[in-house]
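Notes for the one structure printed next.
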Amino acid sequence: MKLTCMMIIAVLFLTAWTFATADDSGNGLENLFSKAHHEMKNPEASKLNKRCLAKGDFCNLITQDCCDGICFIFCP
């Protein structure tokens, strides 16, 4: 009986902790679905379609837009 109560309390605590420490606590699922809908309308907005620069191209130190490695004036 004690073990069952402890397990229930642990599960409730971990569930509450997960929701409390989530990255997007405001408008959780509602905001997620609106972003997904926007990306379906405009595939260019998807983060998966991010364009990157080839080896030897000038790159941006702030956005780190190289395909391989870290940008330092030129892509490695």
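Note that Cβ sites are derived from N, Cα and C of the backbone, with glycine treated the same way.
Annotated features in Swiss-Prot:
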DISULFID  Cys52-Cys67  disulfide bond
DISULFID  Cys59-Cys71  disulfide bond
DISULFID  Cys66-Cys75  disulfide bond
SIGNAL    1-22  signal peptide
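Per Cα geometry, Cys66 is the residue among the disulfide-bonded residues Cys52, Cys66, Cys67 nearest to Cys59 (disulfide bond). Calculated from their C-alpha atoms, the gap between Cys71 (disulfide bond) and Cys52 (disulfide bond) amounts to 11 Å.
Here the Cβ of Cys71 (disulfide bond) has 19 other Cβ atoms within 10 Å, regardless of which shown protein chain they belong to. Distance from the CA of Cys52 (disulfide bond) to the CA of Cys66 (disulfide bond) is 5 Å. DSSP assigns Cys59 (disulfide bond) to coil, not to a helix or a strand. Spacing of Cys52 (disulfide bond) relative to Cys75 (disulfide bond) is 10 Å (Cα to Cα, whole number). Counted within 10 Å of its Cβ, the other Cβ atoms near Cys66 (disulfide bond) come to 19, all protein chains included. Put plainly, the disulfide-bonded residues Cys52, Cys59 were compared by Cβ crowding within 10 Å, and the winner is Cys59. Cβ neighbour counts within 10 Å, taken over all protein chains shown, single out Cys75 as the most crowded of the disulfide-bonded residues Cys67, Cys75.
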